[in-house]
């Protein structure tokens, strides 16, 4: 066979070229891509490990620089940019070398194509077809080499841009290093001055505290010595003065109570003097939890059967009176709204009109306020009650129920069953029973909503008044004024 030299000169032998076998088949339609290794050995590229391209290396290095920029110091960042600049220069040199190698490949391919063209003119038949196929493979390889050169040029341009960027960044980093160094020196000097000032202030404070502690210790010693001398000379006199002061405080408290009692007795005596000419009077303790009754002063008093009664609340500050809706009986059970108010009763008969008043404002029940304050801390309080009326009618079964007063709602339960449950609302009413009877002080009226109401009897006056005060407290927190028919909160109290 004919052997081609490296210079592709006129080395064709004069003898005829043997024909190529028809059974020969090429593995691919492109020129083999192989490399010459040591000792002129042929290396298959598939056997070599894949080496990343220059573009991938540049992109990975740039991504790493951007990622590390946030956590590197200014000095480290400048050093990194300098290393990147050196790497970019190295890549640029490699690109130039690859460009030279590519140019040599073009020259070799051109010589190979010319040799094949000259060979095609000397062969015929199948050999000519094989030569034509080889020429087409060489041309395809030239096209691929041209495309590779385009990619190489693009990579070279990117590397050049990166080198410019890294060079500028390196200069900026160096400038920033100088600025940061100057700023750090200024900060260090400022911090040293501040530390010196703080140390001086602490030293002055320590000296002043030492003087103060010495003065304080001296004064304390003098006071203790004075007390010791005083106790040594007049121990009994000091103790006598303390006992005398304690006794005077006790006497003052007793006299204050006695003075208040005398004032009430004086008011009652004045009222008795006035009642000698009156037909009726108010009987009962003027304290929350009691009942007030209108009774005749003598046997000559007119019969109540032809008289009408109306109770009023009178504010000591404003002096205005407010009719208590539903309080039209001779007996009235005091409720929390009456505390601090003077009650007035008007009796209208055919013969004359009579006005009666209490001796003074109604007093609160002792200990009730503290009891209610303890219940306010709970989210729900349970009271034992008996239903006496429902919707104005007598309830046939006087069984035990549980009234739950919560922060947002109230409910009435009988065992496991809930008979009424409602949140605080403007339509709800909750007040003391305004009717007659000895048990009125232990009963209250509850209108759950329109069309549903109950009269509930409690175990004691204390429980009944505590339930009223607690419910009004929770309703007030929900912006609801909870009272009875026609009531309004007297002077902001609940």
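The backbone N, Cα and C atoms fix where each Cβ goes, and this holds for glycine too.
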Among 181-208, 209-236, 237-264, 265-292, TrEMBL lists coiled coil at 181-208
As a quick check of your reading of DSSP, tell me how many residues in the domain 'Stomatal closure-related actin-binding protein PH' (380-487) are helical, how many are strand and how many are coil. 22 helix, 51 strand, 35 coil
Per-region confidence, the domain 'Stomatal closure-related actin-binding protein PH' (380-487) (mean pLDDT, whole number): 92
Residue counts for the domain 'Stomatal closure-related actin-binding protein Ig' (280-377) under DSSP, helix then strand then coil, are 15 helix, 39 strand, 44 coil
